[in-house]
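Some features that TrEMBL has for this protein:
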DOMAIN    B:1-215  domain 'Radical SAM core'
BINDING   B:15, B:19, B:22  [4Fe-4S] cluster binding site
REGION    B:343-382  region 'Disordered'
COMPBIAS  B:365-382  compositional bias 'Polar residues'
Ligand code: SF4
Ligand code: SF4
């Protein structure tokens, strides 16, 4: 059953972190990063891994994008926000107002 | 064939509670010879080597095992995500701190209802207050709180109260799971089966609660499959993503599969890798080749895998049939009959349920006194 609430948009000033019941690790057997929670395993690609590694509860979305831009050529803020929105809807990521 | 992602370790069937909805097997005494600490450590290690990422520690009551902290330590040293599924009885402050220290990732506390008398009545023992205290303890130690409530005829009408209680307790997540009719729950099915009206009301309450609480609390609602058109995708397919090991070391593709007339696969005799890849038990219903009609030519066969083998067996006596929950199953009438009985206006209210008994148990690591010695030391004054 999906909620009918409008999807919360992750704003640039908001501070995301991996939810307390979720842990990210490298799955050596399958060569991929995963987010682990009791009921779910979410496979995250390389880009998402780079974003999540910066979601430590201190950096805002804007700061995360800035850091990513220092490392990678093309970083779209929209993509980062979209990814965080998706992970938030899966209760893998939580946000607080910056 | 992919390797498994999850292991459900049923450490012991000993439990201080006596829930009539318990899915533990009826023949509890057959599981008395529990795996030792070293055996569990080997199983956990082999599982991790095979690709397992999540370890669910369950039972019975897993805290009845004195080596629970050691086992959590082993798993977290291997990088596994560890989840303790507990009634919270036995979660003392010291124990909880040790578990936290050992790296336990998550605790799931089961509660039976929102009121002390009803909760204690369903559990068969006074336990409600201790569960509330345990939830506070869990929060204090920095774990998120996940509550787990199994729903059935006797507590379904309390669902609004249950959700309110969860909010008051500051739960981060609540799992509301309708009873699955295995083991003791199967025996008690007629008393536990909710009515259509109860379910309709419950779903409405859940929908409203989700809108009200938003992101504050995640509400997971597991629908009752007897009332669904399609079966649940049991275990995401037989021996596809996870497996269970019972207290005596039997490995199972589905936690209820001990009931099936198939050859056993025990971790005392075989490696976890062999069991997963090569054992006849794990290969019996793997993939889709084994499927009968109507599943074989159905376009949902990769979605629900024909439902649950154990449910097919329990209802038809043949584990290879389409899960009778599916409205396309030729055996669906069996489910319709049960549902009709549950909705019969003449249904007696307040059915008597058979509580799950406390199993006799041989504690691992305890030296068993040979029978002859015990006999000779017995009083001989007769
Ligand atoms: S369902 Fe109840 S009796 Fe069964 S193991 Fe869980 S707490 Fe114990
Ligand atoms: S016929 Fe089989 S595959 Fe199709 S929906 Fe029913 S159970 Fe699923």
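Any Cβ shown, glycine's included, is placed from N, Cα and C.
Structural mapping of features recorded in TrEMBL.
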residue: B:15; record: [4Fe-4S] cluster binding site; Cβ within 10 Å: 27
residue: B:19; record: [4Fe-4S] cluster binding site; Cβ within 10 Å: 24
residue: B:22; record: [4Fe-4S] cluster binding site; Cβ within 10 Å: 26
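Within 8 Å of the Cβ centroid of the [4Fe-4S] cluster site, not counting the listed residues B:15, B:19, B:22, the chain contributes B:17, B:18, B:21, B:24, B:60, B:87, B:123, B:184, B:356. DSSP classifies residue B:15 ([4Fe-4S] cluster binding site) as coil under the three-state reduction.
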